[in-house]
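Pulled from TrEMBL, these are the features on record:
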type     : residues  : note
DOMAIN   : B:68-257  : domain 'ABC transmembrane type-1'
TRANSMEM : B:12-30   : transmembrane segment
TRANSMEM : B:67-91   : transmembrane segment
TRANSMEM : B:103-126 : transmembrane segment
TRANSMEM : B:132-158 : transmembrane segment
TRANSMEM : B:179-204 : transmembrane segment
TRANSMEM : B:236-257 : transmembrane segment
Amino acid sequence: MASIELRSVSRIFGAGAQAIRAVDRIDLRVEDGEFMIFLGPSGCGKSTTLRMIAGLEPVSEGELLIDGVRVNDIDPAERDLAIVFQNYALYPHMSVRKNMAFGLKLRGMAEAEIGSRIARVAETLGVEALLDRRPAQLSGGQRQRVALGRALVREPRAFLLDEPLSNLDAKLRSVMRTELIKLHRTLGTTMIHVTHDQVEAMTMGTRICIMRGGEIVQVGRPQDVYREPVDTFVAGFLATPPMNLLPARLDVADGALRLRIEGQEIALPLASRPGWARHAGRDVILGLRPEDLHEAPVGAATAALDCTIETVEALGPETILTLRLGRDGTELAARLPPEGDWRIGAALRLHADTSKLHLFDPETTRSIPGN
Amino acid sequence: MRSARGAALLRHLILGGFSAVIAMPLLWVLRVSLTDKATAYRLPPEIGEIGLQNYVEVFTAFDFTRWFGNSVTVAVLATLVSLPAAAMMAYAAARFRTGGWPLMLGVLASQMIPPIVLVLPMFLVFTTLVPVPGLVAITIAHVAINLPFMAWIMASFFDADTRMLEEAARCDGATRWQAFTRITVPVAMPGIIAAGLLGFILSWNEFLYALLLGNHSSQTLAVGLASLETHAGVNIAPLAAATLLALAPVLLLLPFLQTYLVKGLSLGALK
């Protein structure tokens, strides 16, 4: 088991004027036994960061430490980390058994010990019957298990998972997600999981590290990042549908904060968000999660918004409505209970839970603290 | 239905025509190899009395066995020496961009130099600077022409897929050399074999260097066959028989070449 620390780490491709900073001076500490998720859109630098940790990509600037020891110049073979790739990277000319044994043989482990480790891991992952098959004879899900088994059998200091679930179908992905969570709980080994799937990020990790353009935007426990996004990027990236971001104008009048959104108004007591008063008289971005919009008022802290229904997605346990503010204003989404008779084009009055509102500065896109 | 059959017939007629153009010279050589000299030159062509006397004569009246042995020695040695070196060169170019595009362009350009241009410097090198026996000189020359050719073919086999497998191996604890020899080479083996077979055939058929760098005792098949064309006339019937015998190894290798070349080119389908 290991802690992994990145100190102002950068990865620069090219040189001079054409140099590209794929990862730009990031600082992060992954604690021993933690399940860290690197989340972000394609090209945000999450895989490059993982590859730097694995030793497959050189660290251009900064320091990378594993268990407090600088490993910038240590060969991947000596870092004792196991990586599971998106396309599994199973050795096609070897059987499943040999794939699993490869790393152990290189370390000079005795045949008997190799055999017992493979048997134990194969049983855990349910791949005993596949041990003598070649990768080409396996289905996608089986290959994924074998790739995981090859990593597990080594009992490394940490597991690095580079989007290992993204090639699986939705059902299998959900099963493997649960299995990985269980595995982490059983082993207690440090895991870093790279994904662009926010469901994986929310459900699997003890902490999420959200990246954009080679920089870390926010690090925190999934619920904290969800509840308190630091900027509009995080607010718009997590969850499906994401947080509604509506252009608004903030004023303070009669001891109340008044948010005017395309002719409609949401009022809330000044005392509930005193910090917002500093932005009075300015344009802001109002953040509102789809699940914080309701059909009926919820307690006293609600404000009505008149909308027009644009699409209705009945998902079974819930229904997602896409709406326009007013008749043809900004688009927003609402997550409502499944029962309801909604017709496209009809007007609908929704009630926003004003205790769950977020405000962002349109210039910096940063969250405006309420206190 | 009728038009479809007509189209198919037309296609086959055209393809048959092309096939005949390719097959005719070989069939002609086959006919000549089975007849006597007088019948061989007769027009319109006659089959005459068929026999294997020319094949017997090839072995009894000429040094065919030695030529064959020399060709096998040169082609096998040249392939065995150039193949691993070419694999490593192709790997370096594909993985580290060693030499960048100028190197690979240079490699390709070297294939465009007329062989006659290089013969004189090579002749001087092997006769004055580093005098070596004829067979060794021919083998070295063949390594020199085969190596860049093989490297050029193999560069595409060490692509992104083998790179990822290698990365997996390195994280598994393999050094770069172990990853190359235990993972990359076995995975790219069909392509490497195909390149080796192509190199072997190139060396087997090579004439110019073998003629000018060798001597009487180091004559390869290509040179030996040419020697049947003498001032006293062409020994056409034994020449035809010897040509077909010289073709035999290449014909035997072709099915393997096709198989491995296709496998090599489809290495991307590993996943």
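Even glycines carry a Cβ here, placed using N, Cα and C.
Automatic prediction, not curation, is the source of TrEMBL annotations.
Residues of the same chain lying 6 or more positions beyond the ends of the transmembrane segment (B:179-204) and with a Cβ under 8 Å from any Cβ of it are 71, 74-76, 78-79, 82-83, 86-87, 91, 142, 145-146, 149-150, 153-154, 156-158, 161-162, 165-166, 168-170, 221-222, 249-250, 253, 256-257, 259-261, 263-265, 267, 270. Spatially, the transmembrane segment (B:236-257) is not adjacent to the transmembrane segment (B:103-126); fewer than three Cβ-Cβ distances between them are under 8 Å for residues at least 6 apart in sequence. When each of B:12-30, B:103-126, B:132-158 is checked for Cβ pairs under 8 Å to the transmembrane segment (B:67-91), B:132-158 comes out on top.
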